[in-house]
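Everything on this sheet refers to the single structure shown next.
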Amino acid sequence: MIDIKVLRDDPERVRASQLARGEDPGVVDAILAADERRRSSLGEYEALRAEQKSVSKNVGAAMGAFQKAKKSDAPDVAELEAAATAARERAAELSDLVKALEAAASAAGDELNALMRRVGNVIVDGVPSGGEDDYVVLETVGAPRDFAAEGFEPRDHLELGELLGAIDMERGAKVAGARFYFLTGVGARLELALLNMAVAQAIEHGFTPMITPTLARPEVIVGAGFMDAHAEEVYHLETDDLYLTGTSEVALAGYHADEIIDLSAGPRRYAGWSACYRREAGSHGKDTRGIIRVHQFQKVEMFVYCRPEDAEAEHQRLLDWEREMLAKIEVPYRIIDTAAGDLGSPAARKFDCEAWVPTQGRFRELTSTSNCTTFQARRLNIRERDPRGAGTRTVATLNGTLATTRWLVAILENHQQADGSVLVPKALQPFVGLDVLTPVG
RNA sequence: GGAGGCGUCGCAUAGUGGCCUAGUGCGCCCGCCUGCUAAGCGGGUUGGGGUUGAUUACCCCUCGCGGGUUCAAAUCCCGCCGCCUCCGCCA
């Protein structure tokens, strides 16, 4: 949810953001009108409610006087009773009116909220306009290996995984269906090593490691923004009305929901380790081979709560920490600035790091870091004491990937040798306990 | 799975239909007093929204959350969430 004050003060900025996202800028005017209706409706209700309260208080006094007279058999009992009854009747009329006005005000509020929910976060200046293909490449790091010059045809990650006894797709399908898999032997070791290296790096940079719930209540999923564009992506457990989270971002965003947190000592940085579940609806036939696109995987995710004015600098830091991880696995990659239309509603800017996958001859996303500014925190009601004075204000949230199961694809393919063995990148060696993965008999 | 209890301001607690504009204590903040500190004294101390150009000020909502009964709800009723106790079951 964006800040309605921004929309009131600078509607043009919101219109421009909507246009860049390829969404309806007209919703801005609809919101301004609905906001006007809500405020006048609320004013009417509150005025009458104030009157009703004072009248009702008089009823209390009249009733008191009457009861007292009745007890002491005073001569004016009948008059007092009549007065009390009359006052009560008048209060009853007012009460009905107030109820009607309250309903109207609440309906006007609902209408405004419904419109507000349709607006994505206001993009950060500089985000490219357009859709999925309109990203801007910010930097390319490293160069792809020339396998032709080395004299062999690279094997894809699944072929390597099977040679090494690291990946078993067939049995994954037998147990859980398509897009499920077993990591076995060195595959399991490699994933644990990667995730442990990510956690170690996070700790080194002051993050608090977290192991999070992977089921979340509806309000947390909605608050984190996963019921907008990703609604079809989320597994739902109907009997319990819980959702399987597609990333620990959900749990970490919900962690401080409805709290006023203290950021005076700097950002709160969490590194969440969790299994992630995605339905991959609508991607039938895409990436069906191997572990590139699967229903369940592991991820270490950075999640930060910080002051709104620090969010852009923090976003750069998250990107730097992602780059540090990518450097450790020694694969070529590029960084893209995602276009507005491909951001998803909570993000104001998103950088993806995409690693080179030799057998596909293209870059594939390994990390994604989003600056959600105050959008996510506003929905989840996460605030801080305003350092500039009285009151509270909404904090900013950001997230970014440190490692996922998909990274194994890039590691295996980029470090393979002609005989099907795979060299373990130096930084990863102490975590795996091996220098090289060799094919099994 | 069954039975019961509880949820009030940062913390502790009072409040069982109108005197609640939610009291009291602790903590915290401001001031006074005081060689210093402590004590003492006085004041302040939930959050959200609205009116106003802004300040002051005023108004509405907020006693876990959402409904309902009533002229009037912290208080009565219903649902949900959370915590606790006992029994059963599983490990």
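Each Cβ is built from the backbone N, Cα and C atoms, and glycine gets one as well.
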TrEMBL annotation (coiled coil) - matching range among A:77-118, A:203-244: A:77-118
Recorded L-serine site member, picked from A:GLU301, A:GLU384, A:GLU413, that accompanies A:THR247, A:SER248, A:GLU249, A:ARG278, A:ASN399, A:THR401 in TrEMBL: A:GLU301
Pairwise CA distance, A:HIS295 (ATP binding site) versus A:THR247 (L-serine binding site), rounded so that it is a whole Å: 12
For A:LEU366 (ATP binding site): DSSP state (helix, strand, coil): strand
Cβ neighbour count (within 10 Å, all chains shown) around A:PHE297 (ATP binding site): 23
Proximal residue to A:THR247 (L-serine binding site) among binding-site residues A:GLU280, A:PHE297, A:LEU366, A:SER368 (C-alpha distance): A:PHE297
Those residues of the chain, 6+ apart, with a Cβ under 8 Å from that of A:LEU366 (ATP binding site): A:LEU326, A:TYR333, A:CYS353, A:GLU354, A:ALA355, A:THR401, A:THR404, A:ARG406, A:TRP407, A:ALA410
Sparsest Cβ surroundings (other CB atoms within 10 Å) among the binding-site residues A:THR247, A:SER248, A:SER368, A:ASN399, A:THR401: A:SER368
